[in-house]
């Protein structure tokens, strides 16, 4: 019986931009699962990993449901620029659209299950990263990591004991008091993930109406349930989370330091947004300037949600005229909704 939930038929097309000098056997595989709104971020995220890890044998895998000719040109140029391999997989999303989604999480969040299943007979380990992550340090420690017998993944804890306790109660999983992780960074032990049938179990749970009522973080909650006591918690430097909307608070503590490897820009405001100009965005912007996206403008607000945040950030940055204009645009947009 197949241990995969997703067979390879969900992949409609594969584009392989291979300019690497290394053999496939030597490569450390890094994967992203995104929709069209994160292609910009994904390209720059890949550039940041390559910029911080020159000479390493890496291969990047982008699973998406949208990829136009402009994207093709830029991603191929990126692979060529850094003499690396980038493989793009066009996904048929029909089976995912019935699963729960929110304003901030679309069905693309479930691509990580397709990723794990795709690699089930191809490699032992895959590093899954969210596309809003920028790299600023060496990933050699992850390349060298050896899993213990029962470890399905390596992850980074989110929050502290109080948050873990709340999640353990909400999700009826007492073991979560020992740690609840953010699913934006997962180093997957592919053979054990496959043997434990994680993708299939997770998708089935996400179809259960009773479970859907309890969960607030979709597949992240479900993965925490299935990986309890079966995941290795690694240092927070591998998933240092910061929301650019924290900059709107009176007091801001920036957790990024010299040891940080991955900066994870959580929340709705991203460093590729024109209103996200803060010092902590520098890791994204540096990679952008060293990529085929170097001449691309940062994205302006489109939705009412974005216009409201753009207005707040413009006032926070003392760009008052822009702030007023964004508020006017926000109220006009709200009238049309």
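Counting begins at 1 with the first residue displayed.
A Cβ is built for glycine as well, from the same backbone N, Cα and C atoms used for every other residue.
Database features (Swiss-Prot):
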type	residues	note
BINDING	33-38, 130-131, 264-270	UDP binding site
BINDING	130, 132, 264	Mg(2+) binding site
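Long-range neighbours of residue 33 (UDP binding site) (same chain, six or more residues apart, CB within less than 8 Å of its CB): 63, 64, 108, 109, 110, 111, 112, 114, 115, 128. Sequence-ordered, the extra residues of this chain that approach the Mg(2+) site, with Cβ no more than 8 Å from the Cβ center of 130, 132, 264, are 45, 129, 131, 133, 184, 185, 241, 265, 266.
The two recorded residues residue 35 (UDP binding site) and residue 132 (Mg(2+) binding site) have their Cα atoms spaced 12 Å from each other. In the three-state DSSP assignment, the secondary structure recorded for residue 37 (UDP binding site) is helix. Of the recorded residues, residue 37 (UDP binding site) and residue 132 (Mg(2+) binding site) place their C-alpha atoms 11 Å from one another.
The binding-site residues considered are 35, 130, 132; of these, 35 has the fewest other C-beta atoms within 10 angstroms of its C-beta. Cβ environment of residue 270 (UDP binding site): 41, 132, 244, 276 lie under 8 Å away, each six or more residues apart in the same chain.
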